[in-house]
Each structure stands twice: as structure tokens, then as C-alpha cells.
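First comes the structure, then the notes that go with it.
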Amino acid sequence: MSIMPVKNALAQGRTLLMGRMPAVKFSTRMQLRNRTAVLWNRKFSTRLFVQQRRSSGEIVDRAKAAAANSGRKQVSMKWVVLTSFTIVLGTILLVSRNDSTEEDATEGKKGRRTRKIKIFNNNWLFFCYSTLPLNAMSRLWGQVNSLTLPIWVRPWGYRLYSFLFGVNLDEMEDPDLTHYANLSEFFYRNIKPGTRPVAQGEDVIASPSDGKILQVGIINSETGEIEQVKGMTYSIKEFLGTHSHPLMSKSASSLDLTSDEEKHREFARVNRIQLAGSEDTEQPLLNFKNEGDQSVREFKPSVSKNIHLLSQLSLNYFSNGFSCSEPHDTELFFAVIYLAPGDYHHFHSPVDWVCKVRRHFPGDLFSVAPYFQRNFPNLFVLNERVALLGSWKYGFFSMTPVGATNVGSIKLNFDQEFVTNSKSDKHLEPHTCYQAVYENASKILGGMPLVKGEEMGGFELGSTVVLCFEAPTEFKFDVRVGDKVKMGQKLGIIGKNDLK
């Protein structure tokens, strides 16, 4: 046995080994193992990447949700705090008002206590409504209405308004809608002569305006209360600022309605307002502003008109000085007429009478719509109003246009300097009655003669007219509450009526 060199033996062993091992299978197994490892690594790394992406997205979403919830919680907390503060403040106000009942009450005649006027009775709706700047809003609305409209807009806009509020365009004196430069001119439009026939008869009272009858009746001669709606009244003394007794203790044809100390004191007592110079300074002062004679020369009546009114008023006149006797068998009646936005906005004289005094009571401009009249106590006493006082053949007669929201102006044809709801300082002093007379219009009659059907003035948009007049007990109304009337239509008659 020969010994093989080491080098040759190693070479031979390598050859034998390579011959016995399947080289292809070995390489394949190595490739499969490597591929499996790669795929495993890829699968693992992809899943991890997806998980990482998902986890990062969830973190972002959770952060956004947390921020949104935090914002909602902050907003909710703000509303909770605001609501709680409002409730607490309102409770304090209500409690303080209830606790001050004795302070609000004043001692009247016969030991009877009366309470001051309140604009709400534990009603949040009217309380919030009463805090709105309605006078400023009405002035702004008046400025908007006075803006000149493009000619092409006018027919479309006015027809739309007429459709919404039931305006009868066929009655217009000037049917060309392009001639009305703005809404104010369209609101204050004139109607054709003869469109509103006036009820004739010396004992007939005609409607002073278009509108809806809200209330008619008799004024309580003991308390002087006027029924605003069923179960809700206001005082004629607070409404007109007249003497203590509703019938004024003497016929209106001889009433001296000009300013005098006794009347001022009575008016201050009725309205629970202290006169200047009094020792008690807790109550607001009453200032009577006498504006003198405001007669307009252009409206000076003719001789025939004076004679006609003298003949109508002769029942209460005799001898020189035009003194008169006490009225007998008479009562005070009232009628309330609401003018809707679509109505004819001018008001006319309902009877032959003499307007002697104009009293302007600046006030608020709450809405006088029927809903507010049913639910808002003392609405007419709180609102701005112009009381026109005088006399007719049966005694006292008054006609009072009452302002309302978005009614920026009450116009009087025979008092052109008179302006209501003005931003100027002319009529802005609180607790002040601005009074004027019309003696120079007729020296004989002592006031402005007005015949039935004569135009006196008007509103811009719509409002309310209140009539308070003295008449024989035989007077009967010819209309019912809720009836719609036209200017000149018969409201009532002394004697028989046609109401069934």
C-alpha cells in the first residue's frame, strides 16, 4: 500500500464530495431559504410600516377630536355662564320690582292707592321688546324710506308692496308709480276725490281714517278709564293730560285749555310727576313747554267756514263772551281705529269742530298692532302721541294720532312746524308736554275750525287714531269691534242706528 501525498488526497476528496452532493439542489435550497427570509422580512417590515402609519393617523385623529371636544366644551360653558347670568339678573330685577310695590304706589283721592305705569308684567318677551331702541329704529326706517329709488325699480317694488299689504292702486290720484320717488311718497299717497264719501248729517260721526275698529265704548265717568282691550284699561287723564274729571266739569266750548298753574298741578298729580320747585326730588319733574300759537297763515279759515262752525256750535254759545252752561245727559265715548300698512294713511276731521290745543307727548314707539294692544298694558299712554283738543256742538272733542314702530312722523297740515320722533333737541326733554294753541286761526272761535271730511294730516306707514268725545246719551255706535272701515264711513249717530 502506497502512501498518497497529502496534496493529492485533498484534491481527490474534493472531487468525490462534489460528485456525491447534488449541486443544483443545494443551490436551490439556498435560494429558497434566502427568498423566504427576504419575503418574511418584507412582510414583517410592511406590516410594521402599516401599523406605524395607522398608529400615527389615529394619534392625529384623536388629537383633532380632543381639540374639537375642548372647543365645544368651551362654547357650551360660555352659553351656560351667559344664560345663568341672564337668569340671575332677571330674577334680581323682578324681585326688586316686586319689593318696590309700595314705593311705586301713590296715594290718591279717598285713600285709594294707584300704581305707576308698568310696561310688562313678568313677561320676558315684552321686557326684551321694551329695551329695544325703537325710536332710533323708526328714524332709521324713515331715512331708508326716503332714499330715492331707481325709476325701473319703482313699479315692481310698489306692486310687490301692494300685493303683500292689499293696497288698492285703482284709488290713487296719480296712478303712475314711477312718479313716487321713494317709499315715503308712496305710503303718503293721495287718493282720487270722491273715493271716500263722507257720511252726512250733523249728528253723525264719520271715521277719521281707513282702518280696523279695535275698540269702541263709553269712558267710565267715575274713573276716567278707557278700555284698551277686554280687561285692560288706561286713563284718559294720562292719555290726554286733561282735568281731573272726565267731563271737565263744564262744557268744552268754554274750556280754557291753555296752560295754567292749576291744570299743571292736576296733570302732575295724575301722572305722578313732581312739579318744579317741590321739596320732594325723588320723582321726575314735569315741564310744560308752551310753544305759543302755531297757526299757519296759509290755513286761515274763510269767513264762510267760521260762520258754518258758529252755527254748528251755537248750541253751547249765547250772548257775548261765548260762555256756556253745564252739559246735561251726556257721556264720554271713545273709538280706537288701527291703520294697517296698506291703508290710506291720511286722517280727516270726523265732525265739524274747533281744534284749540295741540299737546305733544314724546314717548316710545312700540308697535300698535292688535297683538301688542291685547298684551301690552298702557300701550297708548307709553307711546308718542299728539292730542288735539277742542269742542263740537255737544261739548268736548279730541282726536289723538298715536305713534308706532317705524312710523317716523305724524304730520299736521295746519301746524307745519310740528315734527314727531325728531333727533333734534326740540322735543326730546323727558317728562315734558309740548303744548301749542291755534287762537290766531280764528279769533271768533278761538281755534282752528275743521269741517267734517277735511284733511288734517297723516302718518307715514300706519298707526292708530283714538277719538274721545262728549255726546248725548242717545249716541250709538254703528260699528263693531273688528270691523274694517273706510275714511268717511259712519261710526255712530245720535239717536237710531243701523247696527243689527
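Our numbering is plain: 1 for the first residue shown, then up by one each step along the chain.
Note: Cβ is positioned from N, Cα and C throughout, glycine not excepted.
Taking ASN34, ASN98 one by one, Swiss-Prot attaches N-linked glycosylation site to ASN34.
Ranges compared are 80-98, 118-136, 365-383, and Swiss-Prot records transmembrane segment for 80-98. For SER463 (pyruvic acid (Ser)), other Cβ atoms within 10 Å of its Cβ number 29. Beyond the region 'Required for processing and stability' (475-492), the same-chain residues lying 6 or more positions past its ends with a Cβ under 8 Å from any Cβ of the stretch are 196-199, 204-216, 331, 333, 335, 337, 344, 346-348, 350, 453, 467, 498-499. Residues belonging to the topological domain 'Mitochondrial matrix' (45-79) score a mean pLDDT of 59 in the model.
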